[in-house]
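Visitor: First, the structure itself, so that you have it in front of you.
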(Lines of atoms letter the chains of each structure in order from A and count residues from 1; the text may use other names and numbers.)
(Lines give C-alpha, C1' and ligand atoms only; values in the text may rest on other atoms or scores of the structure.)
Protein backbone atom coordinates (compact mmCIF):
# COMPACT_ATOMS: atom_id res chain seq x y z
CA UNK A 1 0.00 0.00 0.00
CA UNK A 2 1.40 3.39 -1.02
CA UNK A 3 1.80 6.21 1.43
CA UNK A 4 -1.22 8.53 1.75
CA UNK A 5 -0.92 12.29 1.07
CA UNK A 6 1.35 14.08 3.50
CA UNK A 7 -1.48 15.91 5.27
CA UNK A 8 -3.34 12.66 5.93
CA UNK A 9 -0.14 10.97 7.15
CA UNK A 10 0.60 13.80 9.59
CA UNK A 11 -2.94 14.11 10.94
CA UNK A 12 -3.37 10.33 11.20
CA UNK A 13 -0.08 10.04 13.07
CA UNK A 14 -1.16 12.77 15.50
CA UNK A 15 -4.47 11.00 16.20
CA UNK A 16 -2.71 7.66 16.70
CA UNK A 17 -0.07 9.26 18.95
CA UNK A 18 -2.79 10.72 21.19
CA UNK A 19 -4.46 7.32 21.37
CA UNK A 20 -1.13 5.63 22.22
CA UNK A 21 -0.18 8.13 24.94
CA UNK A 22 -3.54 7.78 26.67
CA UNK A 23 -3.49 3.99 26.30
CA UNK A 24 -0.06 3.68 27.93
CA UNK A 25 -0.38 6.59 30.38
CA UNK A 26 -4.12 6.94 31.17
CA UNK A 27 -3.55 9.51 33.92
CA UNK A 28 -1.19 11.77 31.98
CA UNK A 29 -1.30 15.20 33.73
CA UNK A 30 -2.27 17.35 30.74
CA UNK A 31 -5.19 15.07 29.73
CA UNK A 32 -6.16 12.62 32.52
CA UNK A 33 -9.24 11.21 30.78
CA UNK A 34 -8.31 7.51 30.89
CA UNK A 35 -7.94 4.78 28.29
CA UNK A 36 -11.60 4.49 27.30
CA UNK A 37 -12.02 8.17 26.51
CA UNK A 38 -8.56 8.20 24.91
CA UNK A 39 -9.55 5.37 22.58
CA UNK A 40 -12.76 7.13 21.55
CA UNK A 41 -10.88 10.43 21.16
CA UNK A 42 -8.42 8.82 18.77
CA UNK A 43 -11.29 7.36 16.74
CA UNK A 44 -13.09 10.70 16.62
CA UNK A 45 -9.92 12.51 15.47
CA UNK A 46 -9.41 9.99 12.66
CA UNK A 47 -12.86 10.87 11.31
CA UNK A 48 -12.57 14.59 12.10
CA UNK A 49 -9.21 14.83 10.31
CA UNK A 50 -10.74 12.95 7.34
CA UNK A 51 -8.20 10.17 7.54
CA UNK A 52 -11.17 7.82 7.20
CA UNK A 53 -14.82 8.44 6.39
CA UNK A 54 -17.66 7.82 8.87
CA UNK A 55 -18.74 4.77 6.83
CA UNK A 56 -15.21 3.36 6.97
CA UNK A 57 -15.16 3.95 10.72
CA UNK A 58 -18.36 1.98 11.21
CA UNK A 59 -17.04 -0.79 8.95
CA UNK A 60 -13.86 -1.02 11.04
CA UNK A 61 -15.80 -2.17 14.11
CA UNK A 62 -15.66 -5.97 14.33
CA UNK A 63 -19.01 -7.08 15.77
CA UNK A 64 -18.13 -10.80 16.15
CA UNK A 65 -15.23 -9.85 18.43
CA UNK A 66 -17.49 -7.66 20.55
CA UNK A 67 -20.08 -10.45 20.78
CA UNK A 68 -17.48 -12.99 21.86
CA UNK A 69 -16.09 -10.54 24.39
CA UNK A 70 -19.53 -9.81 25.84
CA UNK A 71 -20.42 -13.48 26.17
CA UNK A 72 -17.19 -14.55 27.87
CA UNK A 73 -17.30 -11.63 30.32
CA UNK A 74 -20.85 -12.43 31.43
CA UNK A 75 -20.05 -16.14 31.82
CA UNK A 76 -17.05 -15.23 33.99
CA UNK A 77 -19.27 -13.17 36.29
CA UNK A 78 -21.72 -16.02 36.82
CA UNK A 79 -18.88 -18.47 37.40
CA UNK A 80 -17.62 -16.20 40.15
CA UNK A 81 -21.09 -16.01 41.69
CA UNK A 82 -21.21 -19.82 41.53
CA UNK A 83 -18.05 -19.94 43.71
CA UNK A 84 -15.76 -21.32 41.01
CA UNK A 85 -12.94 -19.02 42.07
CA UNK A 86 -13.54 -19.75 45.75
CA UNK A 87 -12.76 -23.39 45.03
CA UNK A 88 -9.66 -22.41 43.08
CA UNK A 89 -8.50 -20.29 46.03
CA UNK A 90 -8.97 -23.20 48.44
CA UNK A 91 -7.13 -25.52 46.07
CA UNK A 92 -4.02 -23.34 46.32
CA UNK A 93 -3.42 -24.30 49.95
CA UNK A 94 -5.08 -27.73 50.15
CA UNK A 95 -2.51 -30.15 51.65
CA UNK A 96 0.30 -27.78 50.70
CA UNK A 97 3.78 -29.20 51.20
CA UNK A 98 5.80 -26.02 51.46
CA UNK A 99 6.82 -22.94 49.53
CA UNK A 100 8.02 -24.69 46.37
CA UNK A 101 4.86 -26.79 46.18
CA UNK A 102 2.79 -23.62 46.60
CA UNK A 103 4.72 -21.90 43.77
CA UNK A 104 4.04 -24.81 41.42
CA UNK A 105 0.34 -24.84 42.35
CA UNK A 106 -0.02 -21.12 41.70
CA UNK A 107 1.59 -21.48 38.27
CA UNK A 108 -0.58 -24.44 37.24
CA UNK A 109 -3.88 -23.13 38.62
CA UNK A 110 -3.44 -19.62 37.23
CA UNK A 111 -2.43 -20.99 33.81
CA UNK A 112 -5.39 -23.37 33.53
CA UNK A 113 -7.96 -20.89 34.87
CA UNK A 114 -6.65 -18.15 32.57
CA UNK A 115 -7.10 -20.33 29.51
CA UNK A 116 -10.86 -20.51 30.11
CA UNK A 117 -11.73 -17.46 32.26
CA UNK A 118 -9.21 -14.91 30.82
CA UNK A 119 -5.90 -14.03 32.44
CA UNK A 120 -7.11 -10.72 33.85
CA UNK A 121 -10.10 -12.24 35.64
CA UNK A 122 -7.94 -14.97 37.18
CA UNK A 123 -5.43 -12.42 38.45
CA UNK A 124 -8.16 -10.21 39.91
CA UNK A 125 -9.58 -13.13 41.88
CA UNK A 126 -6.43 -15.00 42.92
CA UNK A 127 -4.06 -12.18 43.91
CA UNK A 128 -5.39 -11.68 47.42
CA UNK A 129 -5.59 -15.43 48.00
CA UNK A 130 -1.90 -15.71 47.11
CA UNK A 131 -1.01 -12.85 49.44
CA UNK A 132 -2.94 -14.38 52.34
CA UNK A 133 -1.32 -17.78 51.95
CA UNK A 134 2.16 -16.27 51.66
CA UNK A 135 1.68 -14.11 54.76
CA UNK A 136 0.15 -16.94 56.78
CA UNK A 137 3.11 -19.19 55.96
CA UNK A 138 5.58 -16.36 56.61
CA UNK A 139 6.82 -16.45 53.01
CA UNK A 140 7.90 -13.52 50.81
CA UNK A 141 5.04 -12.65 48.41
CA UNK A 142 7.33 -11.54 45.57
CA UNK A 143 7.99 -14.93 43.87
CA UNK A 144 4.34 -15.97 44.17
CA UNK A 145 3.00 -12.76 42.64
CA UNK A 146 5.41 -13.15 39.72
CA UNK A 147 4.30 -16.77 39.35
CA UNK A 148 0.64 -15.74 39.27
CA UNK A 149 0.99 -12.97 36.68
CA UNK A 150 3.46 -14.70 34.36
CA UNK A 151 1.70 -18.08 34.36
CA UNK A 152 -1.65 -16.40 33.78
CA UNK A 153 -0.25 -14.76 30.65
CA UNK A 154 1.30 -17.99 29.38
CA UNK A 155 -1.83 -20.03 30.12
CA UNK A 156 -4.14 -17.56 28.42
CA UNK A 157 -2.33 -18.07 25.11
CA UNK A 158 -3.85 -21.54 24.67
CA UNK A 159 -7.44 -20.56 23.81
CA UNK A 160 -9.23 -17.86 21.83
CA UNK A 161 -11.08 -16.77 25.00
CA UNK A 162 -7.94 -16.52 27.14
CA UNK A 163 -7.17 -12.87 26.39
CA UNK A 164 -8.31 -10.00 24.13
CA UNK A 165 -5.66 -10.39 21.43
CA UNK A 166 -6.56 -14.05 21.00
CA UNK A 167 -10.19 -13.04 20.52
CA UNK A 168 -9.12 -10.78 17.66
CA UNK A 169 -6.87 -13.44 16.12
CA UNK A 170 -9.49 -16.20 16.33
CA UNK A 171 -12.18 -14.08 14.66
CA UNK A 172 -9.96 -12.59 11.95
CA UNK A 173 -8.15 -15.84 11.10
CA UNK A 174 -11.31 -17.99 11.30
CA UNK A 175 -9.30 -20.69 13.07
CA UNK A 176 -11.65 -22.96 15.03
CA UNK A 177 -11.47 -23.19 18.80
CA UNK A 178 -10.15 -26.76 18.65
CA UNK A 179 -7.42 -26.01 16.11
CA UNK A 180 -6.37 -22.97 18.08
CA UNK A 181 -6.24 -24.95 21.33
CA UNK A 182 -4.29 -27.94 20.03
CA UNK A 183 -1.98 -25.73 17.97
CA UNK A 184 -0.73 -23.80 21.01
CA UNK A 185 -1.40 -26.24 23.88
CA UNK A 186 2.00 -28.02 23.70
CA UNK A 187 3.83 -24.69 23.77
CA UNK A 188 1.68 -23.50 26.67
CA UNK A 189 2.25 -26.61 28.79
CA UNK A 190 6.00 -26.62 28.24
CA UNK A 191 6.11 -22.84 28.72
CA UNK A 192 4.45 -23.08 32.14
CA UNK A 193 6.93 -25.78 33.20
CA UNK A 194 9.88 -23.69 32.00
CA UNK A 195 8.47 -20.69 33.82
CA UNK A 196 8.28 -22.73 37.04
CA UNK A 197 11.92 -23.82 36.63
CA UNK A 198 13.06 -20.22 36.09
CA UNK A 199 11.19 -19.07 39.20
CA UNK A 200 12.65 -21.91 41.28
CA UNK A 201 16.18 -21.21 40.05
CA UNK A 202 15.93 -17.48 40.75
CA UNK A 203 14.22 -17.76 44.15
CA UNK A 204 15.31 -21.18 45.47
CA UNK A 205 17.16 -19.70 48.43
CA UNK A 206 14.32 -17.33 49.24
CA UNK A 207 11.78 -20.16 49.13
CA UNK A 208 13.93 -22.37 51.37
CA UNK A 209 13.68 -20.06 54.40
CA UNK A 210 12.10 -21.91 57.32
CA UNK A 211 8.79 -20.66 58.70
CA UNK A 212 8.46 -19.30 62.18
CA UNK A 213 6.89 -21.73 64.62
CA UNK A 214 4.14 -19.30 65.47
CA UNK A 215 2.96 -19.28 61.87
CA UNK A 216 3.13 -23.04 61.34
CA UNK A 217 -0.46 -23.57 62.40
CA UNK A 218 -1.84 -21.12 59.82
CA UNK A 219 -0.98 -23.13 56.73
CA UNK A 220 -4.41 -23.41 55.21
CA UNK A 221 -6.66 -20.61 54.06
CA UNK A 222 -10.02 -21.39 55.58
CA UNK A 223 -13.34 -21.21 53.79
CA UNK A 224 -14.26 -18.09 55.76
CA UNK A 225 -11.10 -16.36 54.53
CA UNK A 226 -11.84 -17.36 50.95
CA UNK A 227 -15.44 -16.13 51.10
CA UNK A 228 -14.47 -12.89 52.81
CA UNK A 229 -11.83 -12.30 50.13
CA UNK A 230 -14.42 -12.67 47.39
CA UNK A 231 -16.82 -10.35 49.20
CA UNK A 232 -14.27 -7.69 50.10
CA UNK A 233 -12.20 -7.44 46.90
CA UNK A 234 -14.10 -4.32 45.90
CA UNK A 235 -13.09 -2.58 49.14
CA UNK A 236 -9.44 -2.40 48.08
CA UNK A 237 -10.11 0.87 46.28
CA UNK A 238 -12.78 3.51 46.83
CA UNK A 239 -16.05 1.93 47.94
CA UNK A 240 -18.37 4.40 46.30
CA UNK A 241 -20.10 1.88 44.08
CA UNK A 242 -22.46 0.46 46.73
CA UNK A 243 -25.93 -0.03 45.35
CA UNK A 244 -29.21 -1.11 46.89
CA UNK A 245 -31.42 -3.46 44.90
CA UNK A 246 -34.86 -4.70 45.90
CA UNK A 247 -35.12 -8.41 46.54
CA UNK A 248 -38.02 -10.66 45.75
CA UNK A 249 -39.47 -10.55 49.26
CA UNK A 250 -39.45 -6.82 49.69
CA UNK A 251 -36.18 -6.45 51.57
CA UNK A 252 -33.15 -4.59 50.36
CA UNK A 253 -29.83 -6.23 49.52
CA UNK A 254 -26.74 -4.02 49.52
CA UNK A 255 -24.20 -5.08 46.95
CA UNK A 256 -20.60 -3.97 47.22
CA UNK A 257 -19.08 -2.73 43.96
CA UNK A 258 -16.85 -5.34 42.47
CA UNK A 259 -16.36 -7.63 45.41
CA UNK A 260 -19.67 -9.49 45.45
CA UNK A 261 -20.82 -9.04 41.87
CA UNK A 262 -24.38 -9.08 43.10
CA UNK A 263 -24.04 -12.21 45.25
CA UNK A 264 -25.12 -12.35 48.88
CA UNK A 265 -23.95 -15.32 50.95
CA UNK A 266 -26.31 -18.01 52.15
CA UNK A 267 -26.04 -16.97 55.76
CA UNK A 268 -27.03 -13.42 54.84
CA UNK A 269 -29.95 -14.61 52.74
CA UNK A 270 -31.28 -16.77 55.52
CA UNK A 271 -31.20 -14.03 58.14
CA UNK A 272 -33.80 -11.84 56.49
CA UNK A 273 -36.67 -14.27 55.96
CA UNK A 274 -35.98 -16.01 59.26
CA UNK A 275 -36.27 -12.78 61.19
CA UNK A 276 -39.36 -11.79 59.27
CA UNK A 277 -41.04 -15.13 59.92
CA UNK A 278 -40.22 -15.09 63.62
CA UNK A 279 -41.59 -11.60 64.14
CA UNK A 280 -44.71 -12.47 62.19
CA UNK A 281 -45.17 -15.61 64.20
CA UNK A 282 -44.89 -13.78 67.52
CA UNK A 283 -47.40 -11.18 66.40
CA UNK A 284 -49.89 -13.83 65.32
CA UNK A 285 -49.45 -15.72 68.56
CA UNK A 286 -50.23 -12.63 70.62
CA UNK A 287 -53.41 -12.08 68.61
CA UNK A 288 -54.57 -15.68 69.03
CA UNK A 289 -54.32 -15.69 72.83
CA UNK A 290 -55.73 -12.18 73.09
CA UNK A 291 -52.72 -10.86 74.96
CA UNK A 292 -51.33 -7.48 74.06
CA UNK A 293 -48.43 -7.46 76.51
CA UNK A 294 -44.84 -8.56 75.90
CA UNK A 295 -44.19 -12.20 75.10
CA UNK A 296 -41.56 -13.52 77.48
CA UNK A 297 -41.01 -16.83 75.70
CA UNK A 298 -41.94 -17.88 72.24
CA UNK A 299 -42.63 -21.39 73.60
CA UNK A 300 -45.18 -20.07 76.09
CA UNK A 301 -48.00 -19.78 73.53
CA UNK A 302 -49.60 -22.44 71.40
CA UNK A 303 -51.99 -22.63 68.49
CA UNK A 304 -54.40 -25.60 68.36
CA UNK A 305 -52.21 -27.54 70.74
CA UNK A 306 -49.03 -27.16 68.70
CA UNK A 307 -46.24 -25.15 70.24
CA UNK A 308 -45.58 -22.07 68.15
CA UNK A 309 -41.83 -22.11 68.88
CA UNK A 310 -41.50 -25.56 67.37
CA UNK A 311 -43.40 -24.38 64.32
CA UNK A 312 -40.94 -21.48 63.88
CA UNK A 313 -37.94 -23.77 64.18
CA UNK A 314 -39.46 -26.19 61.69
CA UNK A 315 -40.22 -23.36 59.24
CA UNK A 316 -36.70 -21.98 59.60
CA UNK A 317 -35.18 -25.39 58.91
CA UNK A 318 -37.39 -25.89 55.87
CA UNK A 319 -36.56 -22.43 54.55
CA UNK A 320 -32.82 -22.91 55.03
CA UNK A 321 -32.92 -26.36 53.45
CA UNK A 322 -34.88 -25.06 50.48
CA UNK A 323 -32.54 -22.13 49.84
CA UNK A 324 -29.48 -24.34 50.20
CA UNK A 325 -30.64 -26.83 47.57
CA UNK A 326 -31.87 -24.09 45.25
CA UNK A 327 -28.37 -22.59 45.32
CA UNK A 328 -26.75 -26.01 44.77
CA UNK A 329 -29.03 -26.60 41.78
CA UNK A 330 -28.31 -23.13 40.40
CA UNK A 331 -24.55 -23.62 40.71
CA UNK A 332 -24.80 -26.97 38.95
CA UNK A 333 -26.68 -25.30 36.10
CA UNK A 334 -23.98 -22.61 35.79
CA UNK A 335 -21.26 -25.23 35.54
CA UNK A 336 -23.24 -27.30 33.04
CA UNK A 337 -23.92 -24.29 30.82
CA UNK A 338 -20.23 -23.36 30.92
CA UNK A 339 -19.18 -26.90 30.03
CA UNK A 340 -21.75 -26.89 27.24
CA UNK A 341 -20.28 -23.65 25.91
CA UNK A 342 -16.75 -25.12 25.91
CA UNK A 343 -17.97 -28.31 24.24
CA UNK A 344 -19.76 -26.27 21.55
CA UNK A 345 -16.63 -24.22 20.93
CA UNK A 346 -14.57 -27.38 20.58
CA UNK A 347 -17.18 -28.76 18.18
CA UNK A 348 -16.52 -25.80 15.87
CA UNK A 349 -19.73 -23.81 16.34
CA UNK A 350 -19.67 -20.05 15.84
CA UNK A 351 -17.67 -18.69 18.78
CA UNK A 352 -19.46 -15.35 19.14
CA UNK A 353 -22.99 -16.76 19.13
CA UNK A 354 -21.99 -19.68 21.32
CA UNK A 355 -20.65 -17.31 24.00
CA UNK A 356 -23.69 -15.01 23.71
CA UNK A 357 -26.07 -17.99 23.98
CA UNK A 358 -24.31 -19.27 27.10
CA UNK A 359 -24.37 -15.80 28.66
CA UNK A 360 -28.09 -15.31 28.06
CA UNK A 361 -28.86 -18.84 29.26
CA UNK A 362 -27.19 -17.96 32.57
CA UNK A 363 -29.13 -14.69 32.75
CA UNK A 364 -32.41 -16.57 32.29
CA UNK A 365 -31.47 -19.28 34.80
CA UNK A 366 -30.63 -16.63 37.38
CA UNK A 367 -34.27 -15.49 37.18
CA UNK A 368 -33.43 -11.98 38.37
CA UNK A 369 -32.91 -8.55 36.90
CA UNK A 370 -29.54 -8.90 35.12
CA UNK A 371 -28.68 -5.20 35.25
CA UNK A 372 -26.59 -5.34 38.47
CA UNK A 373 -24.46 -8.17 37.05
CA UNK A 374 -23.99 -6.51 33.66
CA UNK A 375 -22.97 -3.27 35.35
CA UNK A 376 -20.27 -5.08 37.25
CA UNK A 377 -18.97 -7.39 34.54
CA UNK A 378 -15.36 -7.95 35.57
CA UNK A 379 -15.06 -4.39 36.90
CA UNK A 380 -12.02 -3.29 38.84
CA UNK A 381 -12.06 0.08 40.63
CA UNK A 382 -9.44 2.70 39.73
CA UNK A 383 -8.60 1.07 36.38
CA UNK A 384 -10.03 1.38 32.91
CA UNK A 385 -8.02 -1.08 30.85
CA UNK A 386 -8.83 -2.86 27.62
CA UNK A 387 -11.60 -5.41 28.19
CA UNK A 388 -11.17 -5.97 31.93
CA UNK A 389 -10.51 -2.55 33.44
CA UNK A 390 -13.87 -0.86 33.08
CA UNK A 391 -15.48 1.81 35.20
CA UNK A 392 -18.01 0.67 37.80
CA UNK A 393 -20.64 3.19 36.78
CA UNK A 394 -20.93 2.15 33.14
CA UNK A 395 -19.90 -1.49 33.29
CA UNK A 396 -19.58 -3.45 30.09
CA UNK A 397 -20.26 -0.42 27.88
CA UNK A 398 -16.75 0.92 28.56
CA UNK A 399 -15.21 -2.41 27.59
CA UNK A 400 -17.01 -2.34 24.25
CA UNK A 401 -16.34 1.37 23.71
CA UNK A 402 -12.60 1.03 24.12
CA UNK A 403 -12.44 -1.76 21.57
CA UNK A 404 -14.64 0.14 19.12
CA UNK A 405 -12.39 3.18 19.47
CA UNK A 406 -9.31 1.02 19.03
CA UNK A 407 -10.67 -0.64 15.88
CA UNK A 408 -11.36 2.75 14.28
CA UNK A 409 -8.07 4.33 15.38
CA UNK A 410 -5.91 1.45 14.17
CA UNK A 411 -7.82 1.27 10.88
CA UNK A 412 -7.25 4.99 10.37
CA UNK A 413 -3.54 4.59 11.07
CA UNK A 414 -3.41 1.76 8.54
CA UNK A 415 -4.94 4.10 5.96
CA UNK A 416 -1.94 6.45 6.31
CA UNK A 417 0.29 3.78 4.76
CA UNK A 418 2.91 3.95 7.52
CA UNK A 419 2.40 0.39 8.85
CA UNK A 420 2.46 -1.06 5.32
CA UNK A 421 5.66 0.78 4.46
CA UNK A 422 7.38 -0.46 7.60
CA UNK A 423 6.18 -4.00 7.01
CA UNK A 424 7.37 -3.97 3.39
CA UNK A 425 10.81 -3.20 4.77
CA UNK A 426 10.67 -5.95 7.40
CA UNK A 427 8.87 -8.69 5.45
CA UNK A 428 11.90 -10.17 3.61
CA UNK A 429 13.60 -10.74 6.97
CA UNK A 430 10.52 -12.08 8.80
CA UNK A 431 9.55 -15.16 6.77
CA UNK A 432 8.47 -18.00 9.05
CA UNK A 433 9.83 -20.75 6.77
CA UNK A 434 13.26 -20.49 8.40
CA UNK A 435 14.54 -20.00 11.95
CA UNK A 436 16.05 -16.57 11.34
CA UNK A 437 12.83 -15.15 9.93
CA UNK A 438 10.77 -16.53 12.81
CA UNK A 439 13.21 -15.00 15.30
CA UNK A 440 13.00 -11.60 13.60
CA UNK A 441 9.19 -11.73 13.54
CA UNK A 442 9.08 -12.72 17.21
CA UNK A 443 11.41 -9.86 18.15
CA UNK A 444 9.23 -7.34 16.29
CA UNK A 445 6.09 -8.62 18.00
CA UNK A 446 7.71 -8.52 21.47
CA UNK A 447 8.92 -4.94 21.00
CA UNK A 448 5.62 -3.69 19.58
CA UNK A 449 3.56 -5.51 22.24
CA UNK A 450 5.47 -3.75 25.01
CA UNK A 451 5.59 -0.42 23.18
CA UNK A 452 2.04 -0.19 21.80
CA UNK A 453 0.26 -2.96 23.78
CA UNK A 454 -0.58 -6.39 22.42
CA UNK A 455 -4.08 -5.77 21.03
CA UNK A 456 -3.05 -2.85 18.76
CA UNK A 457 0.00 -4.92 17.73
CA UNK A 458 -2.25 -7.76 16.61
CA UNK A 459 -4.57 -5.37 14.77
CA UNK A 460 -1.62 -3.77 12.97
CA UNK A 461 0.39 -6.90 12.13
CA UNK A 462 -2.18 -9.70 11.91
CA UNK A 463 -3.36 -9.44 8.31
CA UNK A 464 0.13 -8.58 7.02
CA UNK A 465 1.86 -11.48 8.76
CA UNK A 466 -0.83 -13.91 7.58
CA UNK A 467 -0.69 -12.65 3.97
CA UNK A 468 3.08 -13.03 3.94
CA UNK A 469 2.88 -16.59 5.30
CA UNK A 470 0.10 -17.52 2.85
CA UNK A 471 2.57 -17.17 -0.01
CA UNK A 472 4.48 -20.09 1.51
CA UNK A 473 1.57 -22.48 2.17
CA UNK A 474 -1.92 -22.55 3.73
CA UNK A 475 -0.53 -24.34 6.79
CA UNK A 476 2.05 -21.56 7.18
CA UNK A 477 -0.73 -18.98 7.25
CA UNK A 478 -2.40 -20.70 10.21
CA UNK A 479 0.96 -21.13 11.90
CA UNK A 480 1.66 -17.40 11.46
CA UNK A 481 -1.57 -16.53 13.28
CA UNK A 482 -0.70 -18.91 16.12
CA UNK A 483 2.84 -17.52 16.37
CA UNK A 484 1.34 -14.04 16.62
CA UNK A 485 -0.99 -15.22 19.40
CA UNK A 486 1.80 -16.97 21.31
CA UNK A 487 4.44 -14.27 21.09
CA UNK A 488 2.14 -11.28 21.67
CA UNK A 489 0.77 -12.96 24.82
CA UNK A 490 4.06 -14.15 26.34
CA UNK A 491 5.57 -10.76 25.50
CA UNK A 492 3.39 -9.36 28.28
CA UNK A 493 5.75 -10.97 30.81
CA UNK A 494 8.69 -8.83 29.73
CA UNK A 495 7.91 -5.83 31.92
CA UNK A 496 5.34 -4.74 34.48
CA UNK A 497 3.64 -2.58 31.85
CA UNK A 498 3.56 -5.38 29.28
CA UNK A 499 0.10 -6.73 30.10
CA UNK A 500 -3.03 -5.97 32.05
CA UNK A 501 -2.51 -9.07 34.20
CA UNK A 502 0.80 -7.69 35.52
CA UNK A 503 -0.79 -4.37 36.40
CA UNK A 504 -3.73 -6.08 38.09
CA UNK A 505 -1.48 -8.21 40.29
CA UNK A 506 0.72 -5.22 41.15
CA UNK A 507 -2.14 -2.91 42.08
CA UNK A 508 -4.27 -5.54 43.81
CA UNK A 509 -1.24 -6.53 45.90
CA UNK A 510 -0.47 -2.92 46.80
CA UNK A 511 -4.04 -2.19 47.87
CA UNK A 512 -4.81 -5.49 49.59
CA UNK A 513 -6.11 -5.00 53.12
CA UNK A 514 -3.71 -6.33 55.80
CA UNK A 515 -1.56 -8.10 53.20
CA UNK A 516 -0.32 -5.22 51.04
CA UNK A 517 2.90 -5.63 49.05
CA UNK A 518 4.55 -3.40 46.46
CA UNK A 519 5.83 -5.24 43.38
CA UNK A 520 8.30 -2.87 41.75
CA UNK A 521 9.01 -2.37 38.04
CA UNK A 522 12.66 -3.40 38.30
CA UNK A 523 12.03 -6.51 40.38
CA UNK A 524 9.57 -7.65 37.72
CA UNK A 525 11.95 -6.78 34.88
CA UNK A 526 14.74 -8.84 36.48
CA UNK A 527 12.58 -11.93 36.14
CA UNK A 528 10.55 -10.91 33.09
CA UNK A 529 13.37 -10.53 30.57
CA UNK A 530 14.91 -14.02 30.86
CA UNK A 531 11.50 -15.67 31.29
CA UNK A 532 10.02 -14.01 28.20
CA UNK A 533 13.00 -14.78 25.96
CA UNK A 534 13.38 -18.42 27.04
CA UNK A 535 9.67 -19.31 27.13
CA UNK A 536 9.00 -17.60 23.80
CA UNK A 537 11.93 -19.30 22.06
CA UNK A 538 11.08 -22.80 23.30
CA UNK A 539 7.37 -22.34 22.59
CA UNK A 540 8.02 -21.29 18.99
CA UNK A 541 9.53 -24.70 18.26
CA UNK A 542 6.30 -26.37 19.45
CA UNK A 543 3.71 -24.26 17.60
CA UNK A 544 1.79 -26.45 15.14
CA UNK A 545 0.70 -25.16 11.77
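Including glycine, each Cβ sits where the backbone N, Cα and C put it.
Predicted automatically and left uncurated, TrEMBL annotations should be read as such.
Note that this is a predicted model, so its numbers are computed, not measured.
Sharing the feature lines straight out of TrEMBL:
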type     : residues : note
COMPBIAS : 232-256  : compositional bias 'Polar residues'
DOMAIN   : 27-377   : domain 'Citrate transporter-like'
DOMAIN   : 403-491  : domain 'Citrate transporter-like'
REGION   : 232-260  : region 'Disordered'
TRANSMEM : 6-25     : transmembrane segment
TRANSMEM : 32-52    : transmembrane segment
TRANSMEM : 58-79    : transmembrane segment
TRANSMEM : 180-204  : transmembrane segment
TRANSMEM : 328-347  : transmembrane segment
TRANSMEM : 383-408  : transmembrane segment
TRANSMEM : 435-461  : transmembrane segment
TRANSMEM : 481-505  : transmembrane segment
TRANSMEM : 525-543  : transmembrane segment
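Walk me through where these features lie, including what they touch and how far apart they are.
Guide: Across the domain 'Citrate transporter-like' (403-491), the DSSP tally of helix, strand and coil residues reads 78 helix, 0 strand, 11 coil.
Sequence-distant contacts of the transmembrane segment (6-25) (same chain, at least 6 residues past either end, Cβ-Cβ under 8 Å): 31, 33-35, 37-39, 41-43, 45-46, 49-51, 386, 405-406, 409-410, 412-413, 415-418, 452-453, 456, 497.
Beyond its flanks by at least six residues, the transmembrane segment (435-461) meets 20, 23-24, 163-165, 168-169, 386, 403, 406-407, 410, 413-414, 419, 423, 426, 429, 483-485, 487-489, 491-492, 494-495, 497-499, 532, 536-537, 540 of its own chain at Cβ-Cβ distances under 8 Å.
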Visitor: The transmembrane segment (525-543): which same-chain residues, six or more beyond its ends, come within Cβ distance under 8 Å?
Guide: 146, 150, 154, 183-184, 186-188, 190-191, 194-195, 198-199, 202, 438, 442, 446, 479, 482-483, 486-487, 490-491, 493-496, 498
Visitor: What mean pLDDT score does the domain 'Citrate transporter-like' (403-491) have in the model?
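Guide: In the predicted model, the domain 'Citrate transporter-like' (403-491) has a mean pLDDT of 90.
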